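All remarks here apply to the structure that follows.
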Amino acid sequence: MDSPFVLVNLKTYQEGMGSNAHRIAAAAETVAKESGAVIGIAPAFTELHPMSHHYAIPVYAQHIDAITPGAHTGHILPEAVRSAGARGTLINHSERRLTLADIGACVESARRLHLETVVCTNNDATSAAAAALRPDYVAIEPPELIGSGVSVSKADPGIIERSVNAVRAVNPDVNVLTGAGIQSGECVKIAVDLGTCGVLLASSVVKADDPEAVLRDLVSLL
């Protein structure tokens, strides 16, 4: 990816639902146009269709299940995510962990449907294992720093560098994102300087009084 990538996970925060989700999406669209950065969002599943059709930004599902069409009540069907207009999906977020077999099956299903894949990992070893599955992105997020307000870029830059090297050693075509506590342009710049193509983040944007201002700051040093 040539342009830096900022992916905002709205999770199930109240601040990321309904009209609030639209406010964040509109802010992402505005800042992306101004900066040239690619800013995507991962909204709740019920928001995938409106977000995908109303805004000129990439929209990702927060999860898919390793299933095919059939009797799977309550599961997230990859085909349904694609039909809703999503560009891609998160897989194996620390709040929705999967087995390695299911991660692989999800990546294969997404590839068949031309959905981009962002496989989340928690250290350099799991990053290397994920890279072997040939996703589009591996996103390294130390779970202890997620939502902590302490940036991985400052608290543990070594894990970013090790993960980038581990992924490149397995498959240099896989892009690397990092996340956990990302909250400023300085955090993003450090991550990019260490070899990532961008960041995955949530609360610093979703819970902000002014998401547009935060997004503008996040890309300000790129």
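Glycine residues also receive a Cβ, built from the backbone N, Cα and C atoms like all the rest.
These features come from Swiss-Prot:
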- Asn9, Leu10, Lys11, Ile146, Gly181, Ala202, Ser203: substrate binding site (BINDING)
- His93: active site, electrophile (ACT_SITE)
- Glu141: active site, proton acceptor (ACT_SITE)
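Counting only residues at least six positions away in the same chain, the Cβ atoms of Gly16, Met17, Ala21, Ile24, Ile41, Ala42, Pro43, Ala44, Glu47, Gln62, Ala202, Val206 sit under 8 Å from the Cβ of Leu10 (substrate binding site).
Distance noted between the C-alpha atoms of Lys11 (substrate binding site) and the residue listed as 'active site, electrophile' is 10 Å.
Taking every protein chain shown into account, Lys11, His93 are the recorded positions, and of these the Cβ with the most other Cβ atoms within 10 Å belongs to His93.
Following the DSSP three-state reduction, the secondary structure of His93 (active site, electrophile) is coil.
According to DSSP, Ser203 (substrate binding site) is assigned to a helical segment.
Cα of Asn9 (substrate binding site) to Cα of His93 (active site, electrophile): a distance of 10 Å. Taking Cβ-Cβ distances under 8 Å and a sequence gap of 6 or more within the same chain, the neighbours of Glu141 (active site, proton acceptor) are His93, Ser94, Cys120, Thr121, Asn122, Val152, Thr178, Gly179, Ala180, Leu200. Every protein chain considered, the tally of other Cβ atoms within 10 Å of the Cβ of Gly181 (substrate binding site) stands at 23. Most other Cβ atoms within 10 A: among the binding-site residues Asn9, Ser203, that distinction falls to Asn9.
In the three-state DSSP classification, Asn9 (substrate binding site) falls within a strand.
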